Amino acid sequence: MRKAYILTVALFAVAFSLAFASDPDPLQDFCVALKDYSDSKSAVFVNGKFCKDPKLVKAEDFFFEGLNIAGNTDNKVGSNVTTVNVDMLAGLNTLGVSLARIDFAPYGENPPHTHPRGTEILVVAEGTLFVGFVTSNTENRLFTKTLNKGDLFVFPVGLIHFQLNVGKTKAIAISAFSSQNAGVITIANAVFGSNPPINPDVLTKAFQLDKNVVEELQKKFEVDNY
Ligand SMILES: *[C@@H]1O[C@H](CO)[C@@H](O)[C@H](O)[C@H]1NC(C)=O
């Protein structure tokens, strides 16, 4: 009897921890974000953003155009992410999904980064990408794959991952996220390009580098994160 009770409690705990592992489920058919928070007379506050009065919702609230247009990859890393999250597409509010187009110049890279709030599923639309992610500290295990057009790869929520164009031509990928706003932390930018800068002593020890190397890296990332 007591064992059954403990098992039930354990099962509930697991069920609830899974339920809260991604964005909260929507509490109604939709909850279109208000553009302007001051226009809150007819708004109800639900998880994240105010909802627009359903009577005023239009098809345009669920519509976004322009993902056919490539981002400009003429930067240091040779990639460009065009994000379509709740900030660009108000109808995504509370629905727990978003999308991005990633363009790569030949040999361009989307450098190691994490999405704190979302799992990513990426499909290659054009070109060849070498992709991978690293598991957390218990093992720091690396999983990699070379992807061609039509291939998919999953990057579990929170884990550090990257994509490198290993082809001689440009590459395009489309990524979907299990969050209306998955967030992005680019490791090098956050660590060496923070504002204000992290005390070099902290990074010298953490990365086992000479102080002058740390300061050089900080100079590289301080002005322009790309
Ligand atoms: C990405 O492309 C857009 C559109 O061409 C451009 O405005 C933006 O500056 C680019 N971002 C980077 C980091 O190169």
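Using N, Cα and C of the backbone, Cβ positions are placed for all residues, glycine too.
Some features that TrEMBL has for this protein:
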BINDING   H113, H115, E120, H161  Mn(2+) binding site
DISULFID  C31-C51  disulfide bond
DOMAIN    65-215  domain 'Cupin type-1'
SIGNAL    1-21  signal peptide
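Rounded to a whole number, the C-alpha distance linking C51 (disulfide bond) with H115 (Mn(2+) binding site) is 25 angstrom. Separation of the C-alpha atoms of H161 (Mn(2+) binding site) and C31 (disulfide bond): 31 Å, rounded to the nearest whole number.
Remark: of the binding-site residues H113, H115, H161, the most isolated position is H113 (fewest other Cβ atoms within 10 Å of its Cβ). The least crowded of the disulfide-bonded residues C31, C51, judged by other CB atoms within 10 A of its own CB, is C51. The Cβ of E120 (Mn(2+) binding site) lies under 8 Å from the Cβ of V154, F155, H161, S175, A176, F177, A182, each of which sits 6+ residues away along the same chain.
Secondary structure from DSSP puts C31 (disulfide bond) in coil. With respect to their backbone Cα atoms, H113 (Mn(2+) binding site) and C31 (disulfide bond) stand 30 Å from each other.
Surrounding the centroid of the Cβ atoms of H113, H115, E120, H161, where the record places Mn(2+), the chain contributes additional residues within 8 Å, namely T114, G118, F133, F155, L159, I160, A182, V184. A distance of 23 Å separates the Cα atom of C31 (disulfide bond) from that of H115 (Mn(2+) binding site). DSSP classifies H115 (Mn(2+) binding site) as coil under the three-state reduction. Looking just at the domain 'Cupin type-1' (65-215), the mean pLDDT is 97.
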